[in-house]
Amino acid sequence: MDLLNTLVDKGLRRELPTREEALAVLATSDDDLLDVVAAAGKVRRQWFGRRVKLNYLVNLKSGLCPEDCSYCSQRLGSKAEILKYTWLKPEDASKAAAAGVAGGAKRVCLVASGRGPTDRDVDRVSKTIEAIKEQNEGVEVCACLGLLSEGQADRLRDAGADAYNHNLNTSEGTYGEITTTHTYADRVDTVQQAQAAGLSACSGLIAGMGESDEDLVDVVFALRELDPDSVPVNFLIPFEGTPLAKEWNLTPQRALRILAMVRFVCPDVEVRLAGGREVHLRTMQPLALHLVNSIFLGDYLTSEGQAGQADLDMIADAGFEVEGAGTTTLPEHRADVVAGCGSHTAQDAPGCGSHGGGCGPCGSSEPEPEAPAVPEARTDLVSVRRRGAGTDLAPNA
Ligand code: SF4
């Protein structure tokens, strides 16, 4: 049995692939890309059908962060010309959220820059959650406020939050190269605090920061162990004015292989295509819908996405459907163990895989070595957000 058949069988049984199998997915050639997508698509359809969950970001507080996450346009010392503003009023946040819900979003993700919230910040966000829940019946709310202190997850849950997001972002081994002001262990601790409080955990990664295939597999395996309900996959948006501005490491094909690997390792979890999809997948975005079951509608925290209507058209044209408010996202066996419901980041492959036992997807035991595609720097596609929350202009939804 070749690699992809093995991975489909394991995905349908929710069985963990081996590290070698996950690495082999990342090492497949462009000639095998459609086979990889089709295989991971079978796993996606088994657990999520053809549904696509839409999520909507509201940036409650933008920029001026004291932390130094290298990928982030809001970091300490960032020269990126992003919108900078302090806490949105609950009514303004609720108005922005309502635009996302009207556009079809089922979940609103409330994000604030900073190391973590003070207790006063939690009070403020609690009022915002209450306002959003009151004005948008049935909407799921996820908070993403950074590192949590004792008791804050409980208070957010009591205010009506359904979920908490805190991404691992990259492997434990490389975390110190990306951020120095907090640790990987701090991040794991916050995800676990959210889970302990009965919040649905959302935790994911950022690909394209110069990491190796091994690092990507490490972080995805760590996420599987942490067992969040949703796993956002971000592709680095290399903002001018940040330390990673020159890291253009992704091709659309590479991005699809990464998404397929995440689906095989986390088969029954909400895999969400997050920041960077327009920049790195570009015209290949519809293929990603065969791998992920969730995307963000409209704009991101500090950058603009494609028009909300283009997201909806893409979903319909690719033969998928927007998940309705009355539908449970997660498969029954997972939904049962989630207290609330079931979300975000503030933000080369040689030919054949080494999975042992031959060369399944490549169709030849001695493939010609293939030069990896050289990714293009598409700075023309990075557009700083100038509308929606924190501005007088209507949001994109
Ligand atoms: S990711 Fe969050 S904590 Fe890190 S610099 Fe950006 S806003 Fe600050």
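Just so it is clear, glycine is given a Cβ too, placed from its N, Cα and C backbone atoms.
Automatic prediction, not curation, is the source of TrEMBL annotations.
Pulled from TrEMBL, these are the features on record:
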| type | residues | note |
| --- | --- | --- |
| BINDING | CYS65, CYS69, CYS72 | [4Fe-4S] cluster binding site |
| BINDING | CYS109, CYS142, CYS202, ARG272 | [2Fe-2S] cluster binding site |
| DOMAIN | 47-277 | domain 'Radical SAM core' |
| REGION | 352-397 | region 'Disordered' |
For ligand 1, the binding-site residues of CYS69, CYS109, CYS142, CYS202, ARG272 whose CB is under 6 Å from one of its atoms are CYS69
Looking at the binding-site residues CYS65, CYS72, CYS142, the one with the fewest other Cβ atoms inside 10 Å is CYS65
Counting Cβ atoms within 10 Å of each Cβ, the densest environment among the binding-site residues CYS69, CYS109, CYS202 belongs to CYS202
So ARG272 ([2Fe-2S] cluster binding site), by the Cβ count within 10 Å over all chains shown, scores 26
As a whole number of Å, the Cα atom of CYS202 ([2Fe-2S] cluster binding site) is distant from the Cα atom of CYS65 ([4Fe-4S] cluster binding site) by 22
In three-state DSSP terms, CYS109 ([2Fe-2S] cluster binding site) is classed as strand
Reading the DSSP string in three states, the entry for CYS202 ([2Fe-2S] cluster binding site) is strand
Confidence over the domain 'Radical SAM core' (47-277), expressed as mean pLDDT on the 0 to 100 scale, is 97
Among the binding-site residues listed as CYS65, CYS69, CYS72, the Cα nearest the Cα of ARG272 ([2Fe-2S] cluster binding site) belongs to CYS72
